[in-house]
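Peer 1: Dumping the structure here so I can ask a few things about it.
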Amino acid sequence: MSNTGASLKGLLLAVLLVSNMLLTKEGVTSLPICSSGSVNCQVSLGELFDRAVRLSHYIHFLSSEIFNEFDERYAQGRGFITKAVNGCHTSSLTTPEDKEQTQQIHHEELLNLILGVLRSWNDPLIHLASEVQRIKEAPDTILWKAVEIEEQNKRLLEGMEKIVGRIHSGDAGNEVFSQWDGLPSLQLADEDSRLFAFYNLLHCLRRDSHKIDNYLKVLKCRLIHDNNC
């Protein structure tokens, strides 16, 4: 086996081991999930929300970790933060900025908004997980977090589709999501420009994962606990 193949195999193994430990610690893996096509599934809406909230919190944790590590390793002294304001591909989606604004939105609209943001990240996360491997001397901790975030975003999206289907009696919503066209920026020959593209993407990921985490907590409180939390 080549060194590259062995390295990739080792990285994937590390992803599986570490993600299993972290998910178990967060309590995500302990929650029951209905398999696709299950009949008379007994998982309650509350349990589905529990799992979604824990999973979104885990994704935000990883997003913050990977951003902070990238910032410390590659962005110091480059002035990236001043250029990253309002540069997210999801900025076209109208999203509440704080808890007070979030509470003013009807739950159906908020659910569709969460679906829209999650689906807006499908494509960029796939390419982030592959392109980050091309960064010079990228540490394994950044590599496996990129792979893990992509996988867990898929799981959260699947969970949210179950929740929306339960609330809307099978309708997964007609949400609008933002297309991402940033792949060429992640492949630029100029190192500073390429690193800024990664920095900006990770900055936006941290921002959006935080929003989703907060939106889900508001929805859980409203729909499961009748705002008594």
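Every residue gets a Cβ built from N, Cα and C, even glycine.
Computed from a predicted structure; not experimentally measured.
Grabbed the feature section from Swiss-Prot, which reads as follows:
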type: DISULFID; residues: Cys34-Cys41; note: disulfide bond
type: DISULFID; residues: Cys88-Cys204; note: disulfide bond
type: DISULFID; residues: Cys221-Cys229; note: disulfide bond
type: SIGNAL; residues: 1-30; note: signal peptide
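Map the listed features onto the structure and describe their local environment.
Peer 2: In this structure, Cys204 (disulfide bond) is part of a helix by DSSP. Other Cβ atoms within 10 Å of the Cβ of Cys204 (disulfide bond), summed over all protein chains shown, number 24.
Sequence-distant contacts (6 or more apart, same chain, Cβ under 8 Å) of Cys221 (disulfide bond) comprise Asn227, Asn228, Cys229. According to DSSP, Cys221 (disulfide bond) sits within a helical segment.
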